[in-house]
Amino acid sequence: MVKEQFRETDVAKKISHICFGMKSAEEMRQQAHIQVVSKNLYSQDNNHSPLLYGVLDHRMGTSEKDRPCETCGKNLADCLGHYGYIDLELPCFHVGYFRAVIGILQMICKTCCHIMLSQEEKKQFLDYLKRPGLTYLQKRGLKKKISDKCRKKNTCHHCGAFNGTVKKCGLLKIIHEKYKTNKKVVDPIVSSFLQSFETAIEHNKEVEPLLGKAQENLNPLVVLNLFKRIPAEDIPLLLMNPEAGKPSDLILTRLLVPPLCIRPSVVSDLKSGTNEDDLTMKLTEIIFLNDVIKKHRISGAKTQMIMEDWDFLQLQCALYINSELSGIPLNMAPKKWTRGFVQRLKGKQGRFRGNLSGKRVDFSGRTVISPDPNLRIDEVAVPVHVAKILTFPEKVNKANINFLRKLVRNGPEVHPGANFIQQRHTQMKRFLKYGNREKMAQELKFGDIVERHLIDGDVVLFNRQPSLHKLSIMAHLARVKPHRTFRFNECVCTPYNADFDGDEMNLHLPQTEEAKAEALVLMGTKANLVTPRNGEPLIAAIQDFLTGAYLLTLKDTFFDRAKACQIIASILVGKDEKIKVRLPPPTILKPVTLWTGKQIFSVILRPSDDNPVRANLRTKGKQYCGRGEDLCVNDSYVTIQNSELMSGSMDKGTLGSGSKNNIFYILLRDWGQNEAADAMSRLARLAPVYLSNRGFSIGIGDVTPGQGLLKAKYELLNAGYKKCDEYIEALNTGKLQQQPGCTAEETLEALILKELSVIRDHAGSACLRELDKSNSPLTMALCGSKGSFINISQMIACVGQQAISGSRVPDGFENRSLPHFEKHSKLPAAKGFVANSFYSGLTPTEFFFHTMAGREGLVDTAVKTAETGYMQRRLVKSLEDLCSQYDLTVRSSTGDIIQFIYGGDGLDPAAMEGKDEPLEFKRVLDNIKAVFPCRSEPALSKNELLLSAESIMKKNEFLCCQDSFLQEIKKFIKEVSEKIKKTRDKYGINDNGTTEPRVLYQLDRITPTQIEKFLETCRDKYMRAQMEPGSAVGALCAQSIGEPGTQMTLKTFHFAGVASMNITLGVPRIKEIINASKAISTPIITAQLDKDDDADYARLVKGRIEKTLLGEISEYIEEVFLPDDCFILVKLSLERIRLLRLEVNAETVRYSICMSKLRVKPGDVAVHGEAVVCVTPRENSKSSMYYVLQFLKEDLPKVVVQGIPEVSRAVIHIDEQSGKEKYKLLVEGDNLRAVMATHGVKGTRTTSNNTYEVEKTLGIEAARTTIINEIQYTMVNHGMSIDRRHVMLLSDLMTYKGEVLGITRFGLAKMKESVLMLASFEKTADHLFDAAYFGQKDSVCGVSECIIMGIPMNIGTGLFKLLHKANRDPSPPRRPLIFDTNEFHIPLVT
């Protein structure tokens, strides 16, 4: 079946809200067109037609193209379908409402059907229910409250009857424990029931214990009668909406039969028969069972038979709705799995996620991608084959009629052509493959629509899955080219995360002019050069472009005139074709004129004199030697002055993505997106041309080690092995000094791992010294285009230590890693050290270890992809409808305020030039000074500068800037003025003195024009950095946190410097934080000390915090048996207590023993001297003295004598800042409150990484800060930087309700009201049935709901309701009236 767009009428209507509810039996009958009674599908005559009153009756719609519906007469595409109904012989439970039915039964009296509350309580709850703004969440909470209150009562307030507990028993059965009585309360009904068994008990004693277990079976018939008798005034207390359904509607007495179009019969040609839908078959089974029960009732069969049939009918009705029921008895289990209604809705392929939230679309194409550096970065090459199929509906008007006529004449086979014409007044489309195209072209009129082929310059959307962030789908301009692949400039690989090893990408063609405009402005490649994650450029030069630019800008690259002109000519194409390039003056004049590569690179930035771009940049390169700035020996300090490269060779830092010192980023920020994109396109053409002419390749010769290198490598290996042997020897002789918190074995492992890891690094640096600078792998590593020094060192010198989960290869079987080695061997080779290089080849054991490490990486990647994908989906679902409003707040779709001002300052993370800051003042000032030298103006002194800046900033233009931003500017200007004063004082220039101007010009000088321009630029950039109202800040936040997650690892890392203090990082840690887990895997409390420079004091406090058990400080704990007494003797080790700095003595131990859960009274514990404690057990009736003594002996060592029981251990951490050692405690455990209250700990500076613990101790704001800090800490540890505004938004969303809500299905249900949104996330059926029970109304305002309903969402361009069109005539023109003409003006005769 083709999915058609559903339009009932031609009048535009908008869905304002959706009400959920339950249909009563009467409403079902009114909705249905026929009653279905026949269990047979087809009549037995020859033509095999559907049976009347059967499940396939054609009055319920049609599922065949050639048969019209018998009710409305429409065909398959237009008929919506009509319902039928089946009357059930006996009522059944509705599986979706089963929990609700039990809930109601627990709330009402099973005798009089009133709700089990007193009149006062009823009144109190009813008053609360009358509140107008009662939300869905409050309703659900209230129902739980009322239910809890009712379940505590067992006597009805209305009739005084006794009510037992109601619970589920078996499959779809409910029992009422009516006769399970408490001795105190004896209900007359219960007592008469018990009395009726008295004679039976006398004859058979076994009956008595079973009496209390007697239960009343509440079958659907009983329940239905109870529900019908519930008084109308009590129904609101069940939280049901009387308009949406009554309690009796929860029980099925009638089933609706859905229309045929949703359960079509498929006629198979192979065998003469049809394939019926699961629903159809299930309905026939239900009708069959109905008939069986009817026959049995009429013929008077045994009750047990009817009950069994009833159970089976009940099961079939349940499977019809939800076929994944658990707990079906084996004799009733269905033979084959079928799809019920719930299965059609739930899951990724269900209606909600598969057909409503996301669909397959027309006007799209997909094929393999290839690189093409000759395209501009905003272009994509589309194959002719695709261009002929994708069409755009263009309206005929005066300007394009001739062009469109030409296309119509070309027809569908020739490109550019057209496929269809739709004439203005008819709805019919005419296919241009057939018919007289010349005639059709001549008949084209204004207003007709021509579906023309895709042509050059069309806006298309280009996308690669997985779409992890908004830059995974961008708008490009199409260029129709031959061949069969999509091609685009390699600069755009990074945002798509694409490579050309067989990746495929999708292309969509927008179908309206508005869509094209919106795509170009909001999704255009040029508009998305930077990532919203932190404002770093993503679209930038990669791989070959970097290598080419690096080699081009080396110090020793020279060209003669012909070569220089030839290379520069490669940029003269497309829109740059006509520009006049000014060849700069040659650098070397004699003996031959030569130009440098740096000059040619400058042409890329500013090709002609009439180009206004004057970019300025000063930054360190990748190999900067650390001093001398532009006099760096490696020529790696890049200086660009007014678009001329003065020094430095370009590398990944200055051309590639991920750095804000990138030249394209400077162009984008100072000169706009078009200039940056043009420069990138010029580089993408010039670099490959230069590189292919020069030649650049890699071969085995590049990775062959020389003799010197091999010798150095063996020396390194021997030294390293020798050191390892010394460590192993020290362990064996017991001389190895243990690291704090580690066993001797762990210490040895850590030392050897450290020693062996260094070998590879040293071998790598030996490689670099040895290799020629023209070596290809070295060049690539130096300019950052591919690979690193470690890769080179692994290829040439030594592969190094293989680590598995951060440690050496573990022993597998029989205490060795492989059978090639001795048992318990600790040698480097036996534990995964690979001494060979890839060039020399690996031995079998080395190869095995290397594959172990590689496999770990692969498994990690596979697991991580699924984990992060689900995490991203949860984040997007919870954050999607957050949007910045016109009053600068961030609100959800229901109007809840999440933040009063986005990120605290309302600035856009994508527009940040510094780290989380809108501007980098120094760079702006340097740029202003270069562009406006103002040589003739006098320089300002310190005071003049401050006064001048102050007066400019008092102007009205600066009122729109935040105070904090103005303070930042003032602070910067003050620093600059101080620097100027210092320089002037140094050279003895006073403020009013005169000096030779040329000397003054060389010094730091700022003129009035410069300071004015500087402040103007700052203000301008600040205003541009404002977050625009309507931005989907929530979705951006979700993507900015989810997308780096895919690049993280799943591992647990060690704390730097502290052995074995494990801390979870990576994806599991992010998952813990956003799930708001109460028990996290590694809770760590960081405690600052009152005296942080005293190691002894730190040990003392550590003793107070760390849990110390009696067994750890006792020399022995023994039983003592005397003739008349027995007790346990505990001897304390005073030496150990003294060494550990514990504040423990015999008295405190006695107190601890009494306070523990050992049930020992203070009189039973005696203290003898300083170190002896006697514990005398008490005999009890249950066990003998001997056993009590044994229990005591076993449990006494576990008594906590000092410290916090939840803290397993504490480690002293040493910070070496500014030469001073600072001590703090890292506490493993969860009791933050107790740690903060410990004497010696600075409570105000103590933090925990457990959000729940912080919220419990310090409140919600502290929890919010913890979430921010923990996410940022985890990201920084993995080398990711995320703008703090994103993390702030996430933490605000998690905490804005006053409790920490996780981004899980439970947290989401507490944040969001919308049923559709929750149903489209998880637990689809549960949410829909709940909504029907409560009679919930969904106001369709969030993003998910709007997409499901096909309504524009109120985010972005959908935020405002009225678009003000400017420059219109203020007053409408006066139209001539009918009586204005002169003939009506009869002169009056006086």
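Every residue, even glycine, has its Cβ placed from backbone N, Cα and C.
Copied over from Swiss-Prot, here are the features:
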{"type": "BINDING", "residues": "CYS69, CYS72, CYS79, HIS82", "note": "Zn(2+) 1 binding site"}
{"type": "BINDING", "residues": "CYS109, CYS112, CYS156, CYS159", "note": "Zn(2+) 2 binding site"}
{"type": "BINDING", "residues": "LYS144, LYS167, ARG1159", "note": "DNA nontemplate strand binding site"}
{"type": "BINDING", "residues": "SER326, LYS348, ARG353, ARG360, ARG366, ARG1305, LYS1323", "note": "DNA template strand binding site"}
{"type": "MOD_RES", "residues": "LYS445", "note": "N6-acetyllysine"}
{"type": "BINDING", "residues": "ARG464, ASP503", "note": "RNA binding site"}
{"type": "BINDING", "residues": "ASP499, ASP501, ASP503", "note": "Mg(2+) 1 binding site"}
{"type": "BINDING", "residues": "ASP499, ASP501", "note": "Mg(2+) 2 binding site"}
{"type": "REGION", "residues": "844-856", "note": "region 'Bridging helix'"}
Legend entry - Secondary structure content of the region 'Bridging helix' (844-856), with strand meaning DSSP E or B: 13 helix, 0 strand, 0 coil
Inset, instruction - Translate the DSSP assignment of LYS167 (DNA nontemplate strand binding site) into the three-state scheme. - result: strand
Legend entry - Rounded Cα separation (Å) that holds between ARG353 (DNA template strand binding site) and CYS79 (Zn(2+) 1 binding site): 25
Legend entry - Cβ-based isolation winner (fewest other Cβ atoms within 10 Å) among the binding-site residues CYS69, CYS72, CYS112, CYS156, CYS159: CYS159
Inset, instruction - Please determine which of the binding-site residues listed here (HIS82, ARG360, ARG1159) has the lowest count of neighbouring CB atoms within 10 Å. - result: ARG360
Legend entry - Long-range Cβ neighbours of the region 'Bridging helix' (844-856) (under 8 Å; 6 or more residues past either end): 799, 802-805, 809, 817-818, 820-821, 829, 832, 834-836
Legend entry - Residue from HIS82, LYS144, LYS445, ASP503 whose C-alpha is spatially nearest that of CYS109 (Zn(2+) 2 binding site), among the recorded positions: LYS144
Inset, instruction - Out of the binding-site residues CYS112, LYS144, ARG1159, give me the one sitting nearest to ARG360 (DNA template strand binding site) by CA distance. - result: LYS144
Inset, instruction - Could you measure between CYS159 (Zn(2+) 2 binding site) and CYS72 (Zn(2+) 1 binding site) for me? Cα positions, answer in whole angstrom. - result: 54
Legend entry - Under 8 Å by Cβ from ARG464 (RNA binding site), counting only residues of that chain that are 6 or more apart: SER472, TYR496, ASN497, ALA498, ASP503, MET505, ASN506
Inset, instruction - Spatially speaking, which of the recorded positions CYS112, LYS144, LYS445, ASP499, ARG1159 is closest to LYS1323 (DNA template strand binding site)? Use C-alpha to C-alpha, please. - result: LYS144
Legend entry - Maximal Cα-Cα distance (Å) across residues annotated as binding DNA nontemplate strand, namely LYS144, LYS167, ARG1159: 39
Legend entry - Distance, CYS156 (Zn(2+) 2 binding site) to LYS445 (N6-acetyllysine) (CA atoms, angstrom): 81
Inset, instruction - Pop the mean pLDDT for the region 'Bridging helix' (844-856) in here, whole number is fine. - result: 89
Inset, instruction - Please name the residue among the recorded positions ARG353, LYS445 whose C-beta has the most neighbouring C-beta atoms within 10 angstroms. - result: ARG353
Inset, instruction - For the recorded Zn(2+) 2 site formed by CYS109, CYS112, CYS156, CYS159, name the remaining residues of the chain with Cβ within 8 Å of the site's Cβ center, in chain order. - result: LYS110, THR111, CYS113, HIS114, MET116, HIS157, HIS158, GLY160, ALA161, ASN163
Legend entry - Chain-internal residues near ASP501 (Mg(2+) 1 binding site), provided their CB is under 8 angstroms and they sit 6+ positions away: none
Inset, instruction - Please tell me which one of the binding-site residues listed here (CYS79, HIS82, CYS112, SER326) sits closest to LYS167 (DNA nontemplate strand binding site), measuring Cα to Cα? - result: SER326
Inset, instruction - For ASP503 (RNA binding site), list the number of other Cβ atoms lying within 10 Å of its Cβ atom. - result: 16
Inset, instruction - Using a 10 Å cut-off, grab the number of neighbouring Cβ atoms around the Cβ of ARG366 (DNA template strand binding site), all chains included. - result: 13
Legend entry - Those residues of the chain, 6+ apart, with a Cβ under 8 Å from that of ARG1305 (DNA template strand binding site): PHE1321, GLU1322, LYS1323
Inset, instruction - Sorry to bug you, but what's the C-alpha spacing from CYS156 (Zn(2+) 2 binding site) to ARG1159 (DNA nontemplate strand binding site), rounded to the closest Å? - result: 43
